[in-house]
């Protein structure tokens with residue numbers, strides 16, 4: 001209770017309460033039950049300041065910057081792979097990793113800056129982060145669908161470059177259009193005049209922090225959509241795992257194919273790593289409780305880039321590509337030999353392969 005409403009309090013035209021040169025934007029006026037004849041009292045919420053010695057706000061930005069570094073290395077490693085731009089899965093993965101890298105970078109900057117970011121800069125960063133993180137989840141969902149589509153058949157038909165480009169356009173329309181629609185709607189409602197959005201859920205970007213303000217706002221525009229996407233991802237993962245363990249892939253021919261099994265593990269590890277970490281993040285928001293319960297999952301979530309690099313960047317094809325670049329500085333014969341062996345390891349999407357391994361490599 002701040003005190004009785006008297007001549008020391010005055011209302012600002014924007015609705016704020018001014019008391020002794022202090023502007024109060026959130027307050028309530030209520031009459032006390034114990035003193036019904038008295039005037040209304042001013043109630044305000046206690047200001048919870050972040051402790052300066054809270055180690056989380058010092059460690060999390062460092063972990064996020066570390067994640068950004070490994071995500072950047074993963075992008076470079078993807079570009080080193082031969083025929084990278086002719087393989088549909090790698091194109092989706094590149095967009096996904098790039099979105100996650102930019103999102104983690106902006107999140108690290110906002111956490112590192114603390115209260116120094118305010119006003120339109122803070123709300124602008126929040127809107128961009130909203131779009132980028134949604135795009136990362138939509139691209140992850142696209143990758144999960146593409147992996148499931150690959151493993152649903154023992155011998156999927158090879159796609160020529162035209163078919164691959166057509167499917168990629170549909171993926172891009174979905175993975176960029178969905179986030180643009182959601183984040184664009186939130187940005188428009190956020191900038192509407194206050195008397196124009198009655199009945200609409202306003203995101204309140206950057207008003208308290210460089211993100212959403214309130215549980216319903218973040219559920220409506222962020223956790224709700226990504227919760228649906230994560231549910232779809234887990235469903236596709238379960239269907240893919242079933243095909244690998246109990247379905248068409250449970251044959252002696254496929255089980256002996258170490259190259260196919262290795263690539264399958266890489267694809268599934270990526271889904272597991274991202275799915276589990278973000279499910280834990282959504283669960284921590286829904287369940288709540290003491291902060292220390294979620295310290296471990298928060299740290300794992302902040303180190304996603306390291307995990308993705310371990311799954312995606314540390315592939316034999318990447319080391320072969322590095323060896324190929326190194327040998328280009330050597331004799332022409334050595335360079336040609338390495339280039340030939342690397343190309344055979346990852347055929348282009350336009351090649352028509354009769355081998356199950358190479359046909360699937362063109363899709364995943």
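Backbone N, Cα and C atoms are what each Cβ position is placed from, and that goes for glycine too.
TrEMBL: automatically predicted annotations, no manual curation.
Quick look at what TrEMBL annotates:
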| type | residues | note |
| --- | --- | --- |
| DOMAIN | 56-316 | domain 'G-protein coupled receptors family 2 profile 2' |
| REGION | 335-364 | region 'Disordered' |
| TRANSMEM | 59-82 | transmembrane segment |
| TRANSMEM | 94-113 | transmembrane segment |
| TRANSMEM | 125-149 | transmembrane segment |
| TRANSMEM | 170-192 | transmembrane segment |
| TRANSMEM | 218-241 | transmembrane segment |
| TRANSMEM | 262-280 | transmembrane segment |
| TRANSMEM | 292-314 | transmembrane segment |
Of 59-82, 94-113, 125-149, 170-192, 218-241, whichever stretch has the most CB pairs under 8 A to the transmembrane segment (292-314): 59-82
Reported mean pLDDT - the domain 'G-protein coupled receptors family 2 profile 2' (56-316): 81
